Structures are given as C-alpha cells and as structure tokens.
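Feature list (source: Swiss-Prot):
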{"type": "TRANSMEM", "residues": "33-53", "note": "transmembrane segment"}
{"type": "TRANSMEM", "residues": "77-98", "note": "transmembrane segment"}
{"type": "BINDING", "residues": "83, 182", "note": "heme b b562 binding site"}
{"type": "BINDING", "residues": "97, 196", "note": "heme b b566 binding site"}
{"type": "TRANSMEM", "residues": "113-133", "note": "transmembrane segment"}
{"type": "TRANSMEM", "residues": "178-198", "note": "transmembrane segment"}
{"type": "BINDING", "residues": "201", "note": "ubiquinone binding site"}
{"type": "TRANSMEM", "residues": "226-246", "note": "transmembrane segment"}
{"type": "TRANSMEM", "residues": "288-308", "note": "transmembrane segment"}
{"type": "TRANSMEM", "residues": "320-340", "note": "transmembrane segment"}
{"type": "TRANSMEM", "residues": "347-367", "note": "transmembrane segment"}
C-alpha cells in the first residue's frame, strides 16, 4: 500500500513542496528567509484579523479605537505591537532575502524573480496603507505627502489624486478605502507567494556556489525543516524582545498625536523600511523626476537578469563583484540614514551622491566589474 502522503491529491502537493522536495545539500542560512517571510505573513494576517475586530475606520474614532485596543482589549497591546513590529521583521527578512538573491545570482530564475519583485511592491503598498490606519499625525501627513506624488503624473495627475482620496483631501473616504485595501492585499500577497513557489519548484533552488546541484540533492524534510525551525525560533525571539522591551523603538512619537490637518509635523518621514526610497525621492528637486526615481529604485531589480554579464552565476568566486555588492549595501544604509534626516546641508548633497551611486553601481559598475572578472579568467 502506498503512502497517503504521496497519493492524496491535496496532501501530495504539500509533500512535493515541503517534505520530499529535493533540495541542494549546501544551501546556507541565507536560504532560511523564504520560510521566515511565510511565517511573517501568517503572523501579520492573524494579528491583523484580531485588530480588525476592534478597529473602526472612521476619522472620528480610528485613533481612539487603537487606544481602546491597547488599553481595554485582552492582550490588545500585545497584538498591536506584534503587528507593528512584525512589519519591521517582515521587511528585514525581505531585504535579506532580496540581498541573498542578488549575491548568489538567484535572479536568473526570471519568473520567480519577477514575481518576487511584484511581491515586494505589494508588501510595500500594504505597509504604507497600514501605517495610515492609526490616524496619528504621521499617518495623516505621510498619506497626504505620498498620495500627492501622483499629482506629478502629467494631465491626469490631479484627477487621479482626488479619485484616490475620494474627495479634495485625505479624509474619511481615504481612511475607509485604505483599510479595505490593507485587509485584502495580504491575501493577494499569499496567492502571489503560491505562484512564487510554483515557479521556484519548476527549477529547484539555487545554491551558494551557483552551480547545478542535480547530482547532490537531499530531502527537504528533515534536513531543512529542522534548519527552518531554528530560524523561526530566532525570528520569534527577536520579535518578542522588540515587542516586550521596546515596542516603540522603530515607531514615530508623532503618531501618538491624533491627526490634525491644520498642524504639520516638523519632519514628515515614513517608517524606517521606506527611508532609502524616500531619500532617493527627496534627492531630486523635480517632482516627477523624484517620483520616477522612487519607482525605478525598486523596479530596477527587474533589470538584474539582463545586466548579468558574468560567466559565473554566484558572487561566491568573484571577489571584485563582492566588493561592489557590499558598497551597494553600505550605500543603502547611507540612504536609510539620510531619509530620516531633515532637508538641510550637508544631508541634501549626501543623499544626492548616495542616490547617484545607487543607480551607477547597479547599471554601470556591477556589469563592468563582471566583464573585467571574465577577462581576468580568460573567459
């Protein structure tokens, strides 16, 4: 008699994805972030569901409903802070996951990579709309500033912004629709994750060497299930330390002031995970130019498969490319720092230089260095 696990129409899908999946024998801890992102998504959907049971998406009561969750709902404060800091953990895992893909050349799986970039956009959109919901000062002004960017689109811009707002300013209609979209998007993300995995399992996982590993595969369970459990424990430990000891460490104090359209906060800035893109946006004086740079700063990831000129897939054996990669990482840290600083000297020029360097490394330096390495190896 054959195993139910291998014959049942539904269970065999799970079996081929998480149990009997042939995986490379040498994938490192950098391959843990996929499962951690799945866990983050589940945590966010569950905590979000419980928050939605008590939240009201009305401008008059939104702020006080969040206060009510924190004060009166059983463990409401815990659910709220797990959700808020869970978003930060989500983005940390996302950035590391994308970084791993760039370093080891995983982007040569076109479909998987492009779905991944779409997922990144979807998660960023969800996080932005979620930040608006508590209806604090930074929620309101963040929504106003970011939605206003669409007015830079020629001809239809102004109409488009008013259409998104549902009026002539960010108001009740905006909050209600943002709540609706914030609720539905994670389920769309979950569906995209399924497609992401579907494409990945067509090719199999990449590995640190970038070489074909068909001759040396091991079953996913128990080897990588136990490895993922370690990652999960570390993620949950980090998240709970953040939630229980300094829940507001990554938040903005301005968001504890109810939204007031008549008083602008001195420094409008998004959550930390958007600061690098915000710095790129601010470094261009032209509105439309800034918006295009902002979009292209993420969309440029889709160009990586086309810009890959090296004869080797991974950067494991390419020391020059490694150096350039880590300069890019340092540049992103610099942009994140600049995004949180006021618009004044010397931050303006640092931001502009870091933005130029970001695009130059990706579009020019990395491909050039790849070609130099090919020449050095007489390939």
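Cβ coordinates come from backbone N, Cα and C, glycine included.
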Which residues, sitting 6 or more apart from residue 97 (heme b b566 binding site) on the same chain, put a CB under 8 Å from its CB?
33, 34, 37
For the transmembrane segment (113-133), find every same-chain residue at least 6 residues outside the stretch whose CB is under 8 Å from a CB in it, and list them.
48, 55, 57, 62, 66, 87, 90-91, 94, 98, 101, 106-107, 139-140, 142-143, 146, 174-175, 178-179, 181-182, 185-186, 188-189, 192-193, 195-196, 199, 270-271, 273-274, 298-299, 301-302, 304-305
Taking the transmembrane segment (77-98) as the reference, which of 33-53, 178-198, 320-340, 347-367 gives the largest number of Cβ pairs under 8 angstroms?
33-53
So if I measure Cβ to Cβ from residue 83 (heme b b562 binding site) and keep only same-chain residues at least 6 apart in sequence, which ones fall under 8 Å?
44, 47, 48, 51
Distant-in-sequence Cβ neighbours of residue 196 (heme b b566 binding site), under 8 Å, six or more positions away:
112, 115, 116, 119
Would you kindly give the Cα-Cα distance separating residue 201 (ubiquinone binding site) and residue 182 (heme b b562 binding site), rounded to the nearest Å?
29
Using Cβ atoms and a strict cutoff of less than 8 Å, what residues sit near the transmembrane segment (226-246) while being 6 or more residues removed from its termini?
29, 32-33, 35-36, 39-40, 43, 78, 81-82, 85-86, 88-89, 93
Distant-in-sequence neighbours of the transmembrane segment (320-340), which means Cβ under 8 A and at least six residues beyond its ends
99, 102-103, 269-270, 272, 274-280, 282, 310, 347, 350-351, 354-355, 357-358, 361-362, 365-366, 369-370, 372-373
Which residues in the same chain, at least 6 apart in sequence, have a Cβ under 8 Å from the Cβ of residue 201 (ubiquinone binding site)?
16, 17, 21
Just to be sure I understand the packing, how many Cβ atoms besides its own are within 10 Å of the Cβ of residue 182 (heme b b562 binding site)?
21
